[in-house]
Amino acid sequence: MSHVPPHVPFELSGAELRDAIVQYATNPIYHDNLDWLNHDNPYRRQLRPQVLPHLDYDKVPGRENILNYASLAVQRLLTSVYEADLVFFPKSGLKGKEEDFRAFYSPANRALGERIRPALERYAFGFLDDEVETSGTWTAQSLDAYLDSLDTAGGAEQSPVEKAILGSADRERAARMWLVQFAPDFLSEASPMMRNVLGYYGPAQSEWFKVVIDEYGYGVHDTKHSTLFERTLESVGLESDLHRYWQYYLNSSLLLNNYFHYLGKNHELFFRYVGALYYTESSLVDFCRRADHLLREVFGDTVDTTYFTEHIHIDQHHGRMAREKIIKPLVEAHGDGIIPEIVRGIEEYRVLLEIGDFDFSEQIAWMDAQPELKKLHDPVFEGLKQGKVDAPVAHLVEPRGELSNTHCHDGDELCHIVSGTMRFESGLGSSLTLQAGEGVVIKRNRLHGANIESDECVYEIHSVGDYRKCL
């Protein structure tokens with residue numbers, strides 16, 4: 001043993017990490033799209049590889065910057081890496097998409113993804129280390145008291161999402177945008193959870209598998225929860241093929257879904273998943289009851305809410321099962337030392353839910369405000385000409401059909417059209433037509449894109465930081 005070389009843990013950072021990310025994302029299936037939607041092709045995901053060489057992946061953002069563009073880019077990357085473990089086929093069949101199928105599941109694509117995954121996870125979830133503290137001495141009794149103190153039943157007050165949708169200028173548009181955010185999770189429901197039912201760890205494993213069986217409709221496809229969600233989407237005029245609306249997924253929606261893949265993929269975080277499982281199953285009862293009422297208020301009797309009403313019953317059972325049949329036996333078997341991780345999983349998930357509520361509410365407000373933000377162009381542009389803000393400017397010339405796939409900026413920007421016509425996209429079903437001399441204020445962290453609708457469009461992007469300083 002004296003001649004054994006020293007062990008060097010794997011680590012990727014700096015230029016080597018950036019190059020590895022670019023190598024992964026330049027796979028042709030990850031290139032920009034010529035359309036806002038993906039059409040029944042679960043292997044194509046727009047990662048905007050042309051931007052990735054310019055991002056810093058080493059400095060973990062704090063919560064205040066977690067909705068910046070680099071985080072969105074990382075969440076899109078992680079979604080693609082995680083989902084290479086799952087089996088996807090187009091609803092219309094594989095014919096004509098065989099090359100994309102092979103490119104997505106190839107050993108090279110999967111190996112490149114796994115190589116960058118730990119660094120991407122550090123970037124995506126590292127901020128939670130500063131957001132959650134589980135110090136002190138924990139016992140089975142204090143854990144029970146903590147779980148009893150959690151308010152999973154909800155109150156009478158409207159949630160931020162309910163306020164955003166019901167207060168929107170276009171409630172149906174807002175509700176569709178909301179439903180689309182769940183597609184990465186609900187269409188492959190329980191897939192992250194499946195990562196934790198493999199292996200050998202005693203009775204709790206069998207209890208967890210019972211939860212999975214319920215999610216999969218007891219082996220009956222028509223009652224599988226993802227099938228129920230497809231019907232919900234279709235009942236409000238949306239398509240149900242996987243990742244059709246990829247470009248409309250918000251940063252926080254991918255963050256929430258990826259969190260469970262992160263916990264499930266890294267088994268050293270197993271007990272965090274146990275905590276997150278308990279909280280999500282317990283709180284989903286109130287969430288689904290509210291979702292049923294909300295969708296019926298917006299769409300009337302035409303909406304199919306069976307997905308949500310089914311969960312009202314089943315998740316009452318799952319919450320009790322997670323506590324009595326999974327958490328309690330695991331603590332008895334492995335001791336109080338695992339309790340801080342269980343609590344951490346709950347608290348981290350609660351932080352992510354807060355971020356998700358904020359992100360979605362801000363996006364709906366941004367979509368509703370498009371006419372006013374277009375009007376703001378003139379005074380903001382005048383302020384720039386007067387020198388109120390010394391803003392960097394990008395001069396762009398693009399041909400007809402050039403699609404700027406959805407992204408966001410880390411500060412406010414002003415889009416100014418010099419000549420030509422642009423369709424400015426601010427969300428699903430939300431767009432402006434901008435002509436020469438017009439423009440729009442682009443708010444920090446808000447998802448948007450653009451399409452050129454003239455033979456040529458000349459425009460400018462002014463990085464103003466805070467548009468109010470131009471007024």
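Every residue gets a Cβ built from N, Cα and C, even glycine.
Checking the candidates His293, His311, His313, His317 against Swiss-Prot: the one annotated together with Glu189, Glu215, His225 at the Fe(2+) 1 site is His311. Same-site candidate for Fe(2+) 3 binding, as annotated by Swiss-Prot with His407, His409, chosen from His377, His395, His448: His448. The record gives His407, His409, His448 for Fe(2+) 3. Within 8 Å of the mean position of their Cβ atoms, the other Cβ atoms in that chain belong to Tyr69, Thr406, Cys408, Glu413, Ile442, Arg446, Leu447, Gly449. For His318 (Fe(2+) 2 binding site) paired with His311 (Fe(2+) 1 binding site), the C-alpha to C-alpha distance reads 10 Å. Cα proximity to His311 (Fe(2+) 1 binding site) (within 10 Å) is found for the following binding-site residues from Glu281, His407, His448: Glu281. Looking only at the binding-site residues Glu189, Glu215, His225, Glu281, the one with its C-alpha closest to His409 (Fe(2+) 3 binding site) is Glu189. Remark: secondary structure over the region 'Cupin' (397-459) totals 0 helix, 40 strand, 23 coil, with classes taken from DSSP. Long-range Cβ neighbours of Glu215 (Fe(2+) 1 binding site) (same chain, at least 6 residues apart, Cβ-Cβ under 8 Å): Glu189, Ala190, Met193, Lys224, His225.
His407 (Fe(2+) 3 binding site) sits 32 Å from Glu281 (Fe(2+) 2 binding site), taking the Cα positions as reference. Summarised as a single figure, the pLDDT of the region 'Cupin' (397-459) averages 99.
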